[in-house]
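Notes follow the structure.
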DNA sequence: ATGGCGATTTCTAATCGA
């Protein structure tokens, strides 16, 4: 089984890249973030033609998440249960026996911003809910744009970024909290090249100079950990014309 | 030098993302 996550920064713009990537990589599950479109605009037909089922929870301009899968998704859940949020950031479904949680965690903007407080409160709601969800679904994967670089080695210039949003101590503490509840950062289960990132700023030739951050992650529960065989960042889509600023993170596992 | 780029709506300008 191959599962992946990709913040596409507008599916309207990036649909050709997504269709090409599905055709070449043939993932069993692809989680998207920042589709930036209402459900009525979501390209269900094009994905069906490509051989995929699709779930979408979207809105105009901002946010929006999707789960694209070869097998029929079951037990679909929109958002975080019990947490009222206008922003479409979470979509959950069971695919081939694995509980797939697709999340677009808030950016936070800056430590002084109200958006940072929203991010921390949102993360608390997510972790509280995941504790329960894990009991119901031991085989669980949390895929998405976390907007958190967990360690300094996930940052191209830790000194320049020190204390800022995406790397601040409270954000990293929440990431640790996820690990403490028995989730594992699948990327770090395997040997990886230094300076591996999943996002690069469009400005200052960030990608060419590899000035990036690793903020897109696939966390897996204890029950899935042993079955993981490979995790990698696919930089190919970032090299295309008019790319997303994020690139896919991919995990191979057998869940049986 | 707090900018830069790209997407979107607010559309010869402003806001957001990370």
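Note that Cβ sites are derived from N, Cα and C of the backbone, with glycine treated the same way.
The annotation active site is assigned in TrEMBL to A:104. If you look up TrEMBL, you'll see A:145 marked as active site, proton donor/acceptor. Residues annotated as active site, proton acceptor in TrEMBL: A:246. Positions annotated as Mg(2+) binding site by TrEMBL: A:7, A:34, A:145, A:147, A:245, A:246. As annotated by TrEMBL, domain 'Endonuclease/exonuclease/phosphatase' applies to A:4-246. Taken from TrEMBL, the feature site 'Transition state stabilizer' covers A:147. According to TrEMBL, the feature site 'Important for catalytic activity' maps to A:216. The annotation site 'Interaction with DNA substrate' is assigned in TrEMBL to A:246.
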Averaged pLDDT score, the domain 'Endonuclease/exonuclease/phosphatase' (A:4-246): 97
Extra residues within 8 Å (Cβ to Cβ centroid of A:7, A:34, A:145, A:147, A:245, A:246), Mg(2+): A:9, A:33, A:104, A:199, A:215, A:216, A:244
For residue A:245 (Mg(2+) binding site), the number of other Cβ atoms found within 10 Å of its own Cβ: 18
DSSP three-state assignment (helix, strand or coil) for the residue listed as 'active site, proton donor/acceptor': strand
